[in-house]
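Listed in TrEMBL:
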type     : residues : note
COMPBIAS : 261-272  : compositional bias 'Basic and acidic residues'
DOMAIN   : 36-248   : domain 'Alanine racemase N-terminal'
MOD_RES  : K44      : N6-(pyridoxal phosphate)lysine
REGION   : 247-282  : region 'Disordered'
Amino acid sequence: MWKVAMSEEVGKALQSVVERVNQAAARRPKTLPTVPPRLVAVSKTKPPEMVVEAYKQGQRNFGENYVNELVDKASDPLILESCPEIKWHFIGHLQKNNVNKLLGVPNLFLVETVDSAKLADKVNSSWQRIRGSSTQRLKVMVQINTSGEQSKHGLPPGDTVNTVKHIVSQCPALIFSGLMTIGRYGYDLTLGPNPDFQMLLSRRQELCDSLKLPLEEVELSMGMSTDFEHAIEVGSTNVRVGSVIFGNRDPAPSPAPSPEKTSKMVSEEAAKKMTHLTVSEH
């Protein structure tokens with residue numbers, strides 16, 4: 001029964017989001033490129049069964065934030081068997097030491113978070129080595145830190161043109177697909193258009209003017225569960241939606257360590273303090 005309930009829940013939620021995406025696209029100004037928005041269903045912390053249910057409803061693009069979780073999920077026998085046309089997006093911070101692991105993911109479609117020329121070089125050389133004689137190139141986006149927050153990853157906006165120029169000219173195994181941002185959380189839309197989205201739009205315009213690229217060929221990945229409709233209205237072509245489709249993120253399990261393990265880990269002095277606390281509580 002739980003599988004039937006889960007299937008109906010995911011199906012209804014996904015259908016609702018798809019309708020909202022299409023309605024938001026219809027509200028876009030005619031001056032924007034008429035690129036249909038791509039919905040990326042963010043499945044982090046959710047079981048493979050929920051990915052399969054969304055896939056059965058027609059969803060093909062899925063996103064993960066952590067390399068290890070993406071590797072496990074993309075290699076899961078259930079997903080490999082049930083979702084042959086799945087397209088995986090990596091949307092989290094990518095460290096150089098995880099590049100090889102990420103690029104081994106089956107059905108990897110797009111890496112959205114390249115945030116330096118050095119990381120682009122690493123991805124390029126690793127992809128060449130992993131794919132061998134294959135001529136297939138890997139799609140990447142350049143992540144921009146539009147809000148200037150130190151807690152956010154991404155390039156300073158002013159470095160956009162030079163970094164993209166480097167990828168286009170020096171990374172033959174990669175296809176530059178567009179720009180991505182996370183932006184500041186909780187922006188109040190009653191104050192007007194999200195300035196982070198406006199910043200990404202202006203970076204794209206500057207980039208296209210500089211490198212003579214058509215606007216419609218440079219995607220914008222911006223907008224998540226709380227603001228994807230506004231993002232689409234102002235020009236996003238790729239939105240990353242998780243909790244609205246799959247429910248709130250599951251917390252990571254943190255089992256309490258056994259007394260035996262604890263006693264081995266703590267020092268003798270700490271152990272004495274713990275004993276004192278235990279005694280004082282009774």
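The backbone N, Cα and C atoms fix where each Cβ goes, and this holds for glycine too.
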**OP:** Take the Cβ of the residue listed as 'N6-(pyridoxal phosphate)lysine' and count every other Cβ within 10 Å, whichever protein chain it belongs to.
**Re:** 19
**OP:** Kindly state the mean pLDDT of the domain 'Alanine racemase N-terminal' (36-248) in the predicted structure.
**Re:** 95
